[in-house]
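**Student:** The structure is given below, and queries will be raised subsequently.
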Amino acid sequence: QDQVIKFTTEGATSQSYKQFIEALRQRLTGGLIHGIPVLPDPTTLQERNRYISVELSNSDTESIEAGIDVSNAYVVAYRAGNRSYFLRDAPTSASRYLFTGTQQYSLRFNGSYIDLERLARQTRQQIPLGLQALRHAISFLQSGTDDQEIARTLIVIIQMASEAARYRFISYRVGVSIRTNTAFQPDAAMISLENNWDNLSGGVQQSVQDTFPNAVTLRSVNNQPVIVDSLTHQSVAVLALMLFVCNPPNANQSPLLIRSIVEKSKICSSRYEPTVRIGGRNGMCVDVYDDGYHNGNRIIAWKCKDRLEENQLWTLKSDKTIRSNGKCLTTEGYAPGNYVMIYDCTSAVAEATYWEIWDNGTIINPKSALVLSAESSSMGGTLTVQTNEYLMRQGWRTGNNTSPFVTSISGYSDLCMQAQGSNVWLAYCDNNKKEQQWALYTDGSIRSVQNTNNCLTSKDHKQGSPIVLMACSNGWASQRWLFRNDGSIYNLHDDMVMDVKRSDPSLKEIILHPYHGKPNQIWLTLF
């Protein structure tokens with residue numbers, strides 16, 4: 001057992017809590033998949049390294065320890081003085097490695113929310129979280145024996161430690177509640193994230209051509225569905241830590257792993273071939289013109305239909321072809337400006353039918369190294385292949401739900417991004433303010449809900465350029481943004497991120513700046 005990770009409620013600030021959560025995440029991280037931290041692969045985890053403990057205290061004399069299973073970041077036991085209590089579903093090895101010098105007892109319920117809520121006689125939505133709740137939990141668990149109250153306090157600790165380690169959205173909510181000294185109850189968005197952690201983790205790790213095997217339905221804070229079916233979906237950036245599900249096929253295996261371990265390790269299936277829409281510029285869909293499947297018919301951008309229809313549905317085949325109604329998305333040639341057509345897969349030149357969909361929403365033809373592009377901003381424009389410049393008109397997102405993800409965006413000092421005419425700056429967050437609502441489109445643009453013809457745009461391609469609202473019809477590289485799991489909002493073309501100028505919101509300026517990861521470059525979608 002190395003250093004115990006500690007958090008004390010005494011003199012706690014949102015900063016001390018943030019440091020605690022970051023230390024916990026670091027201890028739990030086993031690697032990266034698609035750039036997102038993931039828990040260790042259980043097959044490579046030795047039992048003696050499987051558990052860690054976290055010390056939670058109110059003072060020098062009042063503290064408990066929570067035992068966490070590294071393979072799922074879950075609380076499996078707690079220690080109070082020289083007694084320890086294990087949840088009924090704790091792995092058998094837990095008591096061999098956790099709190100060994102204590103008298104060990106088994107609780108008569110397991111750690112699932114279903115069981116805990118049943119015993120607590122309250123749902124998660126009814127149980128307030130925050131510093132006060134954590135103080136009470138620590139002092140009660142020190143000596144309390146009432147099952148109902150144990151269950152209730154464990155619900156508090158699990159969410160403020162385990163769930164917060166898993167999600168930036170949840171650690172943010174707790175941080176704000178500590179800073180403002182107000183309790184909060186989990187909303188629909190938070191509950192849906194907690195309930196879908198394994199689904200989201202699996203979606204990311206099993207993704208094929210940037211696409212989840214199954215859509216994951218989250219909820220927004222006002223309980224509207226948020227359907228996530230692509231790695232490029234902007235909500236994926238709230239994941240701080242994934243459950244290990246499987247290694248992506250042909251992932252570069254670390255040479256340090258012993259062969260036998262790698263063979264035992266679970267590899268994701270590569271057989272999966274999703275059929276999805278492909279949303280792009282202005283939220284339009286890749287569409288076979290006029291439903292015509294004759295060879296050479298052009299592919300256009302058209303508004304996504306209300307119903308899923310064949311000429312907007314594409315199967316992402318494992319042979320790297322993209323097919324509608326059995327025919328292949330095919331480039332007419334390998335020169336910039338060549339048009340993209342539907343063609344019989346067997347008679348087309350094979351290389352002209354191969355596409356790779358990158359994690360950043362780029363669809364590229366490997367032979368020509370040209371990318372799928374919607375040069376026209378109007379409906380019905382023919383799609384072509386062009387030199388890759390990471391333009392907004394070259395950004396795509398797969399999935400059957402191509403509607404924009406509408407959310408507020410919080411940043412430095414927990415302030416929210418706000419549109420003001422053609423400017424954008426930070427203001428106190430207010431869910432009811434239209435000017436703080438942003439529509440995140442399939443093309444990577446960020447648009448003010450007040451006028452979705454206006455996109456967040458960096459004025460220039462150089463460090464320090466202000467970010468303002470400009471017409472989306474330009475389809476520029478300076479209008480395409482990627483929400484990354486490190487919290488940055490990243491511009492692919494410029495390799496820079498959104499930055500609150502000099503960490504001073506009173507300057508009322510958000511600028512383009514190289515990434516350094518300080519708080520003035522960290523953003524979060526608030527659902």
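Backbone N, Cα and C define each Cβ position, glycine as well.
Found this in Swiss-Prot, in case it helps:
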ACT_SITE  Glu163  active site
DISULFID  Cys285-Cys304  disulfide bond
DISULFID  Cys328-Cys345  disulfide bond
DISULFID  Cys416-Cys429  disulfide bond
DISULFID  Cys455-Cys472  disulfide bond
DOMAIN    272-399  domain 'Ricin B-type lectin 1'
REPEAT    368-400  repeat '1-gamma'
**Student:** Which sequence positions outside the repeat '1-gamma' (368-400), separated from its termini by at least 6 residues, show Cβ-Cβ distances below 8 Å to it?
**Tutor:** 209-212, 215, 227-230, 232-233, 274, 276-282, 284, 286, 289, 298-303, 308, 314, 316, 331, 333-340, 355, 357, 360-362, 442-445, 455, 472-477, 479-480, 491-493
**Student:** Would you list the DSSP helix, strand and coil counts for the residues of the domain 'Ricin B-type lectin 1' (272-399)?
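**Tutor:** Output for the domain 'Ricin B-type lectin 1' (272-399) reads 16 helix, 47 strand, 65 coil.
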**Student:** Taking Cα atoms as reference points, rank the recorded positions Glu163, Cys285, Cys304, Cys455 by distance from Cys328 (disulfide bond) and give the first.
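**Tutor:** Going through Glu163, Cys285, Cys304, Cys455 one by one, the Cα closest to that of Cys328 (disulfide bond) is Cys285.
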**Student:** Can you count the other CB atoms that lie within 10 A of the CB of Cys345 (disulfide bond)?
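**Tutor:** The answer is 16 other Cβ atoms.
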**Student:** Which secondary structure state does DSSP assign to Glu163 (active site), in the simple three-class scheme?
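**Tutor:** In the DSSP reduction, Glu163 (active site) maps to helix.
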**Student:** Three-state secondary structure of Cys416 (disulfide bond) from DSSP?
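**Tutor:** Looking at the DSSP assignment, Cys416 (disulfide bond) belongs to a strand.
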**Student:** How many neighbouring Cβ atoms, not counting its own, are there within 10 Å of the Cβ of Cys429 (disulfide bond)?
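**Tutor:** Result for Cys429 (disulfide bond): 18 other Cβ atoms within 10 Å.
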**Student:** Can you tell me whether DSSP puts Cys455 (disulfide bond) in helix, strand or coil?
**Tutor:** strand
**Student:** According to DSSP, does Cys429 (disulfide bond) sit in a helix, a strand, or coil?
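**Tutor:** Assignment for Cys429 (disulfide bond) reads coil.
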**Student:** Cα-Cα separation of Cys304 (disulfide bond) and Cys472 (disulfide bond), in Å?
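**Tutor:** Per the Cα atoms, Cys304 (disulfide bond) and Cys472 (disulfide bond) stand 18 Å apart.
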